[in-house]
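Visitor: Let me give you the structure first, and then I'll get to my questions.
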Amino acid sequence: MEIILCGGGTELARAAADVIKSQLDKKPDSVIGFATGSTPLGMYKRLAELYKNGEIDFSRAVSFNLDEYYPIKSSDSRSYHKFMYDNLFRHININHSNIHIPDGETDDPERECAEYERKIEAAGEIDIQILGLGRNGHIGFNEPAPELYAKTHLTELSHDTIEANSRFFENESCVPRHALTMGMASILRAKRILLLASGAGKREAISSLLSPYVTTQSPVTMLKLRRGVTLVCDNKAYPGEYKNDGGDKRL
Ligand code: F6R
C-alpha cells in the first residue's frame, strides 16, 4: 500500500486530485468510482479548479458512485445525487449520460442493485475507486458485521453511521436507516483504489488498516487483500509519528 501522509486538508485535497488527474492523463476514458461525505470535498473543489484552468478533462470519463441513501428523492438536498452535482458534476465537463448513482427512488432495490453491478461490468470495471472511511471502518456503506455482501445491495446503516451522518439532517431520527451500496467485491474489483482519511475520528480505523489483520469487523482492512491501494491521510488520522517537514510524505 502506498501511503501519502499530508499535513492538512489543502495538501490532502491536492495530493488526491493529482492522483485522479494522472489517472485521466493516462486514460482519458477512465471509469471513476466516486464517494460522498466530507472527506473528498476539498479534492472535488481542487478537481473543479483544475478543470477551470484547463488542466483536466472529464469529457470521456465514466462515473459510478459508491452509494445512495434509501429511500430518498434525488432532488432531496441530502441525497448523494444532489451532493455530487453540487460539489463536482456541475463544475466539470463530465458527460451527464456517463454518470451513474444508485437510484434511491427505486421501488425495486434488488433489481436496481443487480442492474448497477451489470452496468459496472459493462463499463469494463472501475479504473480508480475513491473511498472515504467510516470511523467504524466502513467503506461505502459496508458496515462492520460477521459477514459482508460481495455485490451492490440494500443495507441497513449502523447506529454509528446514523449518528455520524446526523450532522447533515435536522436530527438523528431524520437520517435514512438504509442505503444502496456497492459491496466488497464491487469495490475490490476496481483496478486501483484511492482511500482518503482525515481527522482524529478516523485514527482507529486507520490503525486497523495498518494492523497485521483482516477482519469483516473493520471492512477497510480487506483492502489489504490486494495491491494498488493508495491511502492519502492527514496527520490527525495517522496513528504513527508524523513529522511536518513541509511536504507530503510517501511512506
Ligand atoms: C460515502 C461513503 C461513506 C463515507 C464515510 C466517511 O459515499 O461511502 O463510506 O465515505 O462515511 O464520511 P466522511 O468523509 O463524511 O467522514
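Glycine too: its Cβ is placed from the backbone N, Cα and C atoms.
TrEMBL entries are annotated by machine, without manual review.
Taken from TrEMBL, the feature domain 'Glucosamine/galactosamine-6-phosphate isomerase' applies to 11-230. According to TrEMBL, the feature active site, proton acceptor maps to Asp67, His138. Positions annotated as active site, for ring-opening step by TrEMBL: Asn136, Glu143.
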Visitor: Which residues does Asn136 (active site, for ring-opening step) neighbour through Cβ under 8 Å, counting only same-chain ones at least six apart?
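Guide: Residues satisfying the criterion: Glu143, Pro144, Ser158, Asp160, Thr161, Ala205, Ser218.
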Visitor: In sequence order, which same-chain residues at least six apart have a C-beta under 8 angstroms from His138 (active site, proton acceptor)?
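Guide: Set apart from His138 (active site, proton acceptor) by at least 6 residues yet with Cβ under 8 Å, we have Pro144, Ser158, Thr161, Pro219, Val220.
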Visitor: Got a sec? Which of Asp67, Asn136, Glu143, the active-site residues, have CB under 6 Å of any ligand 1 atom?
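Guide: Cβ under 6 Å from ligand 1: Asp67.
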Visitor: Write out the long-range same-chain contacts of Asp67 (active site, proton acceptor), meaning residues 6 or more apart in sequence whose Cβ is under 8 Å from its Cβ.
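Guide: In sequence order, Thr36, Tyr80, Pro102, Gly140, Phe141, Ala179, Leu180, Thr181, Met182 meet the Cβ cut-off.
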Visitor: Around the C-beta of Glu143 (active site, for ring-opening step), how many further C-beta atoms are within 10 angstroms, looking at every protein chain?
Guide: 23
Visitor: Could you pull the average pLDDT for the domain 'Glucosamine/galactosamine-6-phosphate isomerase' (11-230)?
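Guide: Value for the domain 'Glucosamine/galactosamine-6-phosphate isomerase' (11-230), mean pLDDT as a whole number: 97.
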